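TrEMBL lists 1-224 with the feature domain 'tRNA methyltransferase TRMD/TRM10-type'. What TrEMBL lists as S-adenosyl-L-methionine binding site is 112, 132, 133, 134, 135, 136, 137.
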Ligand code: ADE
């Protein structure tokens with residue numbers, strides 16, 4: 001998979017890709033992530049990427065020209081399955097969206113800033129608009145990092161048995177069951193007996209029951 005991220009603040013975005021699972025996925029060649037600084041696509045001397053909004057009002061708007069240059073340049077080199085705009089008024093990210101995006105070959109992610117992008121960018125180029133939740137970030141970069149993390153960990157070969165995505169919360173529509181590790185007893189609190197029993201049928205059944213119980217208690221909306 002190849003991910004091209006268009007941003008005015010690449011430095012805000014790079015560190016999540018330089019550690020742990022995402023770093024390893026890139027090193028193994030399972031994903032390529034390319035950052036494009038929008039200021040490199042300006043031709044004014046101030047490298048200006050935003051301007052006042054027509055009609056007046058507070059807040060700057062990202063201009064179409066540098067974004068067009070960047071996206072059109074990328075599209076001339078390969079086909080993109082989705083061109084995603086990170087925005088608080090997009091569709092809220094969930095595991096189902098992450099699963100479907102993880103099956104794609106090439107995607108572009110555009111990070112919004114200020115009051116957002118000129119509407120013509122959305123009309124002309126964007127195929128999907130994604131929010132990471134009902135709150136406003138200073139820019140789309142942190143949202144893009146979250147989106148990339150959810151996608152990349154699903155790519156075949158990224159996770160091993162110990163970190164398998166199949167048993168994650170949400171993957172089967174339920175929250176994950178409780179987990180325990182050594183010691184088997186800590187300050188008088190014991191690990192549930194069944195987990196020490198070695199009976200894998202019973203353990204699986206217990207995990208399913210707990211996943212169901214936990215979801216009913218904490219996230220009943222997931223069961224509707
Ligand atoms: N940009 C600003 N707020 C955002 C959000 N909640 N999700 C994605 N991008 C954003």
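Glycine is treated like the rest: Cβ placed from N, Cα and C.
Note: TrEMBL annotation is automatic and uncurated.
Structural mapping of features recorded in TrEMBL.
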| residue | record | CB count, 10 Å |
| --- | --- | --- |
| 112 | S-adenosyl-L-methionine binding site | 26 |
| 132 | S-adenosyl-L-methionine binding site | 19 |
| 133 | S-adenosyl-L-methionine binding site | 11 |
| 134 | S-adenosyl-L-methionine binding site | 8 |
| 135 | S-adenosyl-L-methionine binding site | 7 |
| 136 | S-adenosyl-L-methionine binding site | 10 |
| 137 | S-adenosyl-L-methionine binding site | 18 |
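Contact annotation for binding-site residues (132, 133, 134, 136) versus ligand 1: 132, 133, 136, each with CB under 6 Å from a ligand atom. Other residues of the same chain near the S-adenosyl-L-methionine site, with their Cβ within 8 Å of the Cβ centroid of 112, 132, 133, 134, 135, 136, 137, are 88, 131, 143.
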